[in-house]
Amino acid sequence: MNNESLWSAVRSELELNLSPGNFATWIAPLALLSLKESGGKSILTIACPSVFHKNQISERYLGQIAAVAEKALKKKCEIKLAVKQRAVKQKKGRRGSGEGEDLFSVDIAKMEREAYLEAAARVGLSAALTFKNFAVSGSNEVAHAAARTAAKSPGQVYRLVFVYGGVGVGKTHLMQAVGHEILAKNPDAAVVYCTGEEFTNEIIEAIRNKTTANFRHKYRQARVLLLDDVQFIGGKETVQEEFFHTFNAVHKEGGQVVLTSDRLPNEIAGLEDRLRSRFEGGLTVDIQPPGFELRTAILLIKAQQLNMELPMRVAQVVAANVESTRKLEGVLLRLSGEQVAKKEALTEELAMALLNKINGETVRLKSRVTATQVVRLVAEYYQLKTTDIRGERRLKTVALPRQVVMYLLRKELRLSLKEVGRVLGGRDHSTVLHGQEKVSRLLSESEDLRLDVINIRKQIYQNRGKV
Amino acid sequence: MKLSILQENLAHGVTAVSRAVAAKAQLPVLANILLATEGGKLKLSATNLETGITVWLNAKVERAGKVTVPGRVFGELVTSLPQEAVELTVSEEKVQVKSGAYRATVNGISAEEFPEVPTLAGKKAAGELGLDGAALSEAVSLVAFAAGTDEARPIFTGVKMEFSKKGLRLAATDGYRLSVKSLPGSKIKGAGKEMVVPARALTELTKMLKDEEGEEVRLAATDKEKQLIMSLDGVEVVTRLLEGDFPDFDKIVPGSSKTKLELETEELHQAVRAAAIFARDSANIVKFKIEKDKLTVTANAPQVGENEIGVAIKKTGEDSEVAFNSRYLLEMLSAVTAERLGLELSGPLSPGMFRAAGDDSWLHIIMPVRVQG
């Protein structure tokens, strides 16, 4: 007979003998702590919840308990009493609303993180579009600084930040990063994020469902208004009207507004004057398309997000050959797919092959070849000295190779006319333009020149590692 | 048993022990008060098996004896008697009450049924600790209300008493708020001793203090029986000590905070009271918005309405927003006696810490309520 069954037998027996009140008060709260054998006797230690119970049991019920236990065990029994409260199992789980989290079980950092993620999802921000994942270089540093300031002290320094720039330069990223930053600090901040198109659709929907009051409440209570692709509202009268009031409401409360557009306010077709003047009253910053270095940095950041290992050289090859940041991500995803499928490390060759497939043309390694190297390769090809190419002589044997250099530098390295001129010993940009155009024309006429250029090109790319 | 006693004394004693009468007794005798003669005095005892209260009253005892009488009936009867001598005569578990022209007979239960309430009977116990009554009373009033009432978490229904060389520290929490009060004093003995006393027992004890200067409360704990006897002059409160691990509250006291402010206690109390009217219908949520030199207290209930009260503050640090349960705020504000309060915050999710301005001996932490929007 184990302790539990012994005790329940004793209890049941006592329950029959005692009045319900006495049983419930004195016996029910007891528990059997231990059962030991000693000197032919069983020693039962019983836990009493309080000293009152202990005194009462020892005075009145000890004999009865012993007698019942003896009957059950068929052995002489001795009862000992101890004061011990029964451990109560802690109930886990959340309390009803109005109750906070438990002070002692709460992990503030985790809660803050959760609240922030929840808020970001509620507002509709993409998790990845944060400042942390935003690479900064010359083409976007002003916009970045402005966004940082807006996020740090919303509505205090720049009440309106107007970001404009082409496709895929990071306008949306920057704007959402502002939202993320503010929500990370205060998950309850009234942040509203939407695109110009969503804004328009919501108004139409609200008008159709006669719920414009809800719509207004949602937008006008905002303290941080993030509107993406604001150019979309151009030419839409009611939408602009509604936006004008929303904008004013947010401004009046000292809120922060961030707008993005693919063009300047004065270039947005059909934008009302009162809106234009308001937009122009804010801080207008532009983002230029990212340069090679920034694209490389973006690739490395994105690779980290995808948890893939991207060697620097591969990143450079991709960055050199893909200009659009959107496409960068696509290429990266395919690279990661290839890597997984083929189970081999990412190499430049693999990247090149993929880029070839995507672009359907010979992949150039613009970044890997310097202008000086091109000059040298051309000089070597035509068995000239580089000084000849850079020099002043206008002999046909020198002038044509020089023009080939101009052509290659323009087409392959995409240098500007001025830069090419500088590389070639300070020539005028019109000279460079003339040279480039001449070669272009000759290429379709002269098979010799075409072969020359193809061979030089091949050398440029083959030698890229060595030169 | 036969004795006579002044109505005033008897009424005082009955009221005192009635606090320990079990509210919902499964055993009828636990709803009773024990009347017994002891050492030429009348002893009254009551217990709910967690706490017991015993008082000794001066009386003229003619014949010794003991009996128990229903606490509520006897209490009401005694308080309605004229202020004269009361004569109690017991015969066969019936108590005859005679006072002037008043006559009553109360049916009692044999004293044999009544559980023994442990007492020191005026004797000193080994390891007894003495505390100043007024100081203890103040500390208990600042701390005990924060204890929980949820019997599923028994340790939270207690007040932790920590004796150290620096003095005594009392702490209570229900998991959502925490109150800590230190009583510095080198005279306090028992360094290293710790116990968790049911908050109710401590509160009852302080209610029996006479508010006299130099009044002493003596504490005698027995570890083996896990009980504590707290005695005053002629009164003893015995209670069981709570077992279990009291949470380590020092680690949740914020070390630094982003926003600190100071304000008038009464002004905040009024503001929260007003806000609570609307908070009642929306989970008691009262919002604090701290901006520049103003604390705006707001509450709203979609069906009822909303209100907003401004309170002047002195602030250092960031602006902030936080929401609390109004019940917690009100209980804290009713307990605190300091004229000015300090509040430290670190964002809407971190606990808010209240302190009496210029007094580091008390602190109160409340877990905020999370609200959206």
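Note that Cβ sites are derived from N, Cα and C of the backbone, with glycine treated the same way.
What TrEMBL says about a protein is an automatic prediction, not a curated fact.
What TrEMBL records for A:1-120 is region 'Domain I, interacts with DnaA modulators'.
As annotated by TrEMBL, domain 'AAA+ ATPase' applies to A:157-286.
The ATP binding site annotation in TrEMBL covers A:GLY168, A:GLY170, A:LYS171, A:THR172. According to DSSP, A:THR172 (ATP binding site) is assigned to a helical segment.
On the 0 to 100 pLDDT scale, the model's mean across the region 'Domain IV, binds dsDNA' (A:340-467) is 80. Sequence annotations record features per position, and here TrEMBL assigns region 'Domain IV, binds dsDNA' to A:340-467.
What TrEMBL lists as domain 'Chromosomal replication initiator DnaA C-terminal' is A:370-439. Residues in the domain 'Chromosomal replication initiator DnaA C-terminal' (A:370-439) partition by DSSP class (helix H, G, I; strand E, B; coil) as 50 helix, 0 strand, 20 coil.
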Per 10 Å Cβ neighbour count, which of the binding-site residues A:GLY168, A:GLY170 ranks highest? A:GLY170
Please work out the number of neighbouring Cβ atoms within 10 Å of the Cβ of A:LYS171 (ATP binding site), leaving out its own Cβ. 26
